Amino acid sequence: MNIVILAAGTGKRMRSALPKVLHPLAGRPLLSHVIDTARTLQPSRLVVVVGHGAEQVQAAVAAPDVQFAVQAEQLGTGHAVRQALPLLDPAQPTLVLYGDVPLTRASTLQRLVDAAREGRYGILTVTLDDPTGYGRIVRDAAGFVTRIVEQKDASPDQLKIAEINTGIIVTPTAQLSMWLGALKNENAQGEYYLTDVVELAIEAGFEVVTAQPDEEWETLGVNSKAQLAELERIHQRNIAETLLVDGVTLADPARVDVRGTLRCGRDVSIDVNCVFEGDVTLADNVTIGANCVIRNASVGAGTRIDAFTHIDGAELGAHTVIGPYARLRPGAQLADEAHVGNFVEVKNAVIGHGSKANHLTYIGDADIGARVNIGAGTITCNYDGANKFRTVIEDDVFVGSDTQLVAPVRVGRGVTIAAGTTIWKDVAEGLLALNEKTQTAKSGYVRPVKKKS
């Protein structure tokens with residue numbers, strides 16, 4: 001089977017410099033969703049017709065299995081499909097999809113393909129409570145499709161028809177070439193419409209069949225930011241329903257956003273206003289607090305992530321405790337039972353088994369062993385203004401509060417670092433490291449008194 005995806009439109013109503021089909025739905029371009037669905041049908045040829053912003057669109061979705069045809073002038077959907085004909089296998093049927101209709105299920109498309117076997121012409125239709133503005137499916141007394149009539153051309157009786165044309169079709173490819181060549185552009189827009197092909201197929205004696213989606217929203221397209229927002233909410237609702245069916249506990253299914261792939265184990269609990277981006281894996285018994293953002297991360301079993309935590313590109317072992325208000329940046333790796341607390345930032349660092357940094361700390365470009373305690377206010381000073389350097393803290397080290405470790409530096413196993421110390425030289429195993437200071441207490445001191453106005 002050939003699949004053609006039309007993605008050449010300008011999208012003027014989006015009021016954006018970005019091509020319409022590249023606007024994100026759940027964090028990915030609209031067109032990417034359509035291509036993913038098309039791939040599940042295993043087409044022999046997959047062709048995307050580009051036009052407006054062609055180079056940008058091609059760069060965004062380029063893949064070995066995707067071919068591109070260019071519609072240099074925007075002369076309608078029929079003209080767009082004609083540009084793809086040289087790339088199609090004429091012996092196989094062609095399914096035509098739209099790059100701005102992202103939510104059509106693969107099962108719906110397969111139903112249409114099955115209905116159109118043996119050289120039939122298939123149309124995906126949907127029955128709407130309010131069909132205003134759409135082309136109506138006109139049938140004869142026996143129920144066979146005879147034509148598609150547009151709203152402006154419909155008679156009063158035809159306007160009562162609730163079954164409308166979605167534009168998604170399956171057609172014999174060899175005949176499609178002939179039908180597209182016969183299209184006329186005698187309309188107000190001066191365009192060649194793919195919908196006019198159905199009458200040519202009927203005139204040629206081809207049986208026209210229909211299939212319908214399970215849900216109306218499967219055929220909704222995007223022509224404005226308002227419609228994009230509507231589809232985003234529908235898509236997120238569908239994702240939330242799937243998570244609930246899979247056993248995930250959502251405090252409020254309407255207040256979770258998945259912008260990528262979220263894989264969850266058993267007994268995962270997610271509080272409100274959480275966002276998951278990219279590829280995220282949550283193992284069994286993970287608990288996520290409210291208002292967290294987690295991107296491209298794996299989270300081990302039994303981990304608790306408290307509210308307002310941001311995690312990006314990190315790997316968390318089992319039974320770790322993160323947050324609230326923690327930030328894990330790319331390259332952060334936490335072993336089992338590690339703790340990273342409030343207002344702690346970790347970047348490109350390894351934190352060993354059972355180690356803790358519970359308060360107000362920056363750990364960057366560091367290797368921290370097991371059972372290490374990092375006191376509040378500790379900073380690994382990893383940057384000299386030109387280059388980054390690593391800090392190594394071995395097992396069982398106690399780092400007192402307000403410590404600065406000036407990299408490159410190594411702190412040996414079992415070292416104790418006193419509060420307020422700056423470490424700029426390596427410290428051997430088992431020692432106490434401190435910067436000696438003198439504390440003075442003076443008598444007779446009087447605090448200043450605020451002057452009366």
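Glycine residues also receive a Cβ, built from the backbone N, Cα and C atoms like all the rest.
Just so you know, TrEMBL annotations are computer predictions that nobody has curated.
Lifted from TrEMBL, the feature list:
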- His359: active site, proton acceptor (ACT_SITE)
- 6-9, Lys20, Gln71, 76-77, 98-100, Gly135, Glu150, Asn165, Asn223, Arg329, Lys347, Tyr362, Asn373: UDP-N-acetyl-alpha-D-glucosamine binding site (BINDING)
- Asp100, Asn223: Mg(2+) binding site (BINDING)
- 4-129: domain 'MobA-like NTP transferase' (DOMAIN)
- 265-351: domain 'Mannose-1-phosphate guanyltransferase C-terminal' (DOMAIN)
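Feature map: annotations from TrEMBL on the structure.
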| residue | record | DSSP class |
| --- | --- | --- |
| Leu6 | UDP-N-acetyl-alpha-D-glucosamine binding site | strand |
| Gly76 | UDP-N-acetyl-alpha-D-glucosamine binding site | coil |
| Gly99 | UDP-N-acetyl-alpha-D-glucosamine binding site | coil |
| Glu150 | UDP-N-acetyl-alpha-D-glucosamine binding site | coil |
| Asn223 | Mg(2+) binding site | coil |
| Arg329 | UDP-N-acetyl-alpha-D-glucosamine binding site | coil |
| His359 | active site, proton acceptor | strand |
| Asn373 | UDP-N-acetyl-alpha-D-glucosamine binding site | strand |
> Since the record lists Asp100, Glu150 as binding-site residues, which of them has the fewest other Cβ atoms within 10 Å of its Cβ?
Replying inline: Glu150
> Helix, strand, coil residue numbers for the domain 'Mannose-1-phosphate guanyltransferase C-terminal' (265-351) per DSSP?
Replying inline: 0 helix, 42 strand, 45 coil
>> Can you give me the same-chain residues 6 or more apart in sequence from Asn223 (Mg(2+) binding site) with a CB-CB distance under 8 Å?
In response: Gly11, Arg13, Met14, Lys20, Asp100
> When the number of other CB atoms within 10 A of each residue's CB is tallied over all shown chains, which of the binding-site residues Gly9, Gly76, Gly99 has the maximum?
Replying inline: Gly99
> Taking the Cβ of Arg329 (UDP-N-acetyl-alpha-D-glucosamine binding site) as the centre, how many other Cβ atoms fall within a 10 Å radius?
Replying inline: 16
>> Please list, in sequence order, the residues in the chain of Asn373 (UDP-N-acetyl-alpha-D-glucosamine binding site) that are at least six apart in sequence and whose C-beta is under 8 Å away from its C-beta.
In response: Ser355, Lys356, Val397, Phe398, Val399
>> Please identify, from the recorded positions Leu6, His359, the residue with the sparsest Cβ neighbourhood, meaning fewest other Cβ atoms within 10 angstroms.
In response: His359
>> In whole Å, how far does the CA atom of Leu6 (UDP-N-acetyl-alpha-D-glucosamine binding site) lie from that of His359 (active site, proton acceptor)?
In response: 53
> What's the CA to CA span in angstrom from Gly9 (UDP-N-acetyl-alpha-D-glucosamine binding site) over to the residue listed as 'active site, proton acceptor'?
Replying inline: 52
